[in-house]
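Written below as structure tokens is the structure these notes are about.
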Amino acid sequence: MADHEFRIESDSPAKDDLMFWRIVGHEALARPAAYELTVLSRNKDLAAKDILGHAFDVVIEFKDADGGAHERHCQGHAVRFVRAGHIGRHYEYRIALRSWFWLLTKRANSRIHQEKKVLEVLDAVFEDSPIKRFKKTKATNVIGTHNPRRYCVQHQESDYQFLSRLLEDEGIYYWFDAHDAPGTMHLSDASDLAHDKLPAADTLRHMAVHAAEPRFNEISRWVSARQFDTGKHSSRDSDFKAIKKKLGADIDSSDQHELAEFEMFEFPGGYFSGDDAETRAKLRGDELNARRDRHWALTPWPDVAAGRSFKFEDDPDGTRNGDYVIAACTFIASHRGYEGVSASAPAQPVQRALAEVLRDDAVNADTLPVLEELIAATPALAAAQTGSSLFLLTVMPVDRPFRAPRLTPRVTMPGPQTAIVVGPKGDELHVDDHGRVKVHFHWDRYDESNEKSTCWVRVSQPWGGKGWGGYFAPRIGQEVIVDFLNGDPDRPVIVGRVYNDDQPIPYKSPTQSGFRTRSTPGGGVNNYNEIMFEDKKGSENINIHAELDMSRSVERDDSGSVGRDQSLKVDRDQTVSVQRNRTVNVTNNETKSVKVAQKITVGASQDVHVVANQTTNVDGAHALVVKGDHRIETKSARTDFTASNESRTVGGNQTVTIAGNMAHKASRMTFEAGHIEFKVTGGNSMKMDAGVAPFQANFMQYSLVSNTHINLMAIGDINQTSLGSNTTVLGANSSGYIGTNSEANLGAARSTFLGMSMDNAVGLAVANFMGMQIENTIALKLETVASMGIERKLGSLREAPIHIFKAGGGGGGGGGPPPLNRVAALFSAVGAIRGLFLGARDVEATFTQYENAAKQLEEAAKDPDVGRIPGLQKRLQDMAGLARDRKAQGEALAGSHYGTDTAIGAGTGAALGLVTGPFAIIASPVLGVAGAVVGGPIGAMGRAMGSGAEDQADALKPAEDGSVPAPQPTPQPSPAQTAPAGTGEPASSSQPAGPSEPASSSQPAGPSEPASSSQPAGPSEPVSSNQPPAADGPQSTPGPTSSQDPNSSGGSGTP
């Protein structure tokens, strides 16, 4: 039987009324010490108020084998007070004692801790609790790294439960000192270093086999146990800041037995980084390892207590000797008895007294059946015999790390709850880069409703993607619905928003719904963006309001449909940018009103199609600038009306094409240009009508090219005045006058014909000369009067070497010429000589005109505009060839006949006229014969040139449809063809025949040969039936080529 002394120390007023009788206790790592103290008192009515809450310390005094005195404490606060009955003359009371840490089970709280390490959280809770007056802690043995918890929530759980789960999660355990500092809470995370040796004796020995009972520091029984357990632990978690990163850790703590590879998987792992994951994995591995190896020992030695270590020796088989830590201590110690107290007082079994405590034991959580079996098998514990003391130890090797099992349940939030969004004072919006906000929970009594109230809380949105989705940031003051991931209060997430009396709904009508924001900061009720839906039947409406700016972006197609009207009002500027095409269809009318200026810029083409009419009214000036081409096409009529002046400036060319008629009407019209061309194409005509006003054209040079004929008609006179005049006719030249033809020349009037000159007057031909009229005829002059020839002269002076009067001529020729006749003959000779020189000059000028005409025709044919007139270009080229043919023929004929014969005739006539006046009658017949000889070839040359030109010119005339036949080339005369008649060589059909040879049908006959039907007969030969009889020459009209010098009445202009 143990020889111990007991005393009770307490601050209770009833302390002196209490007598120790028995104590049953259980001490363990990671749990508060629990005792049931049974006391006796003579006071039958101890007040509970004098017991409950008070601290009691039951001191067990004992001596070691050497007689040394020692104490062992059982310190706790009275948490239950029971009056059980009485023993003899004393009353029995039972007082339940618990370590001060257990008292925190009686305090539940809701509180948020941020950025605190677990020991800081521990101190904060202690300081906020009534136990701060007597709490005692020692954390020097917490040597591991424990990072601050960024957000740690205690919600509707006791302080004891809250702190217990935090310590278990961090791998920190505790125990209460029973020796040097009774009631002090020791904390540690290193079981191999933190536990001091037992103070009285640091070694416990197994008692000898032959001993009756153990004494002092001896162990009477040792029991060991190992159990099958999970060998691996794996966990996973997630961090939204690195959502794709694998966050987790695995630990293998498999024991050396079969099927040891079973794994425990945990989610969430309770961490947010890879380092924390590894730390948590190691803690879970130590937890698995710590619960596998358990030993139990029975000893009467009171010095043992949880948290102390010892050395075990004298194990019967030697396999269990070593250093151990006392992880739990379940004991009973009872008094020997008092006078008047029966020794047979009812006992209280330990198991029943500590049943609740044992169920919550952290050390024997997995081996509680073994512990309960040992208690039941030990009579001293089962019966609690008077005067006995026995301690049942749960021990574990010192070298095995201990981590308290996580038995304290993690608080699970019962569901969502509301909170108020908070932020810095004066702000309306407080959001981080992830769209998170901070909130104030209604249950939080510690924060000041500011930016420090909670951690950043993520906000659920209607849709979330990679930079896309729906997003609405809650504003400060709004009430939100907060839920918790996996029910963990440390992981809040906002899942909704609600209205309240301070934040009322935006729409009063139940048929209205939508989204209305508030401008911030400083926005009022009228500052908002909104999308509102009105669903009232008959008043359905969608209203979109932008407080300031609004933008729309459509990546591809955008379409809209308005069933009725649409209006758009822009108070300032509007810009519409269309990268490709734009089509606007207006079924009825469209009205555009621009009060100031309008500018339209079209990068390429612009087409405006008006099906009906178009009217453009410009009250001010109208300017149209076209940098490229400008084309206006009017399918019907067009009218341009200018009330005042109109001016047009064309920097380049201007072309006006009119399919029908064109009329210009003005009081005065002026055309001024460096070059003006008027062209009439097709078979139409060009007409200029000046009415009663005169028509005047002033030119530096005037050229007129006609594809067919040129007709001039005047009701009055046609007056021509020029410093010179040249006319080149490549065909027949015919002038007809129905009335009077008058030519006035201030100088000399001279006409030179290389062929035949014929003047025909259908009515009356009158020649008036203000001065002198001189007619020089080298060859033969024929004057034929069909009916009557009347000459009325005030005076007549005639010098004729030969006069032939025929067909009724009467009178003989009188005597020799008077002196006045000689004077006339002299003038005649002088005029003949001058005429010869001027004739030669005129012939040369004619050839030059042919050459110039050919060049001008060729240049005209090169004009691009000529090529657009059907057949004109080809016709001009053929006419140029014809001019060159006429020049060559004229040069050949003039060189063969004109030079020699004309010189002889002129020289003879002049000489005789001067010196042989008396012999004029004799010489005149001779000269007449010579003139006939010379005049015959010249007349033939004229007819040849005239007829050939006329034929080819006729060939070049266009047909009625404007087409042009290909011209036939004119053969060039050879020297044989151009030889004079009478040389003994046959003449060609285009040359006059010799005197002894018959002439061709196109040539005049010789003096002794009959003429053909188309040629005039000689003076002594009968006239053919096709020719009228004439005394002075032929009356037919061949087509001569007329050539005049610049002083003649008909000039050669530029074709």
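Cβ coordinates come from backbone N, Cα and C, glycine included.
TrEMBL annotations: computationally assigned, not manually curated.
Feature list (source: TrEMBL):
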DOMAIN    431-499  domain 'Gp5/Type VI secretion system Vgr protein OB-fold'
REGION    504-527  region 'Disordered'
COMPBIAS  509-520  compositional bias 'Polar residues'
DOMAIN    513-624  domain 'Gp5/Type VI secretion system Vgr C-terminal trimerisation'
REGION    552-575  region 'Disordered'
REGION    945-1055  region 'Disordered'
COMPBIAS  986-1049  compositional bias 'Polar residues'
Whole-number mean pLDDT, the domain 'Gp5/Type VI secretion system Vgr protein OB-fold' (431-499), equals 94
Using DSSP, what is the helix/strand/coil residue split across the region 'Disordered' (504-527)? 0 helix, 5 strand, 19 coil
The domain 'Gp5/Type VI secretion system Vgr protein OB-fold' (431-499), counted residue by residue under DSSP: helix, strand, coil: 3 helix, 23 strand, 43 coil
Counting by DSSP, what is the helix, strand and coil composition of the region 'Disordered' (552-575)? 0 helix, 0 strand, 24 coil
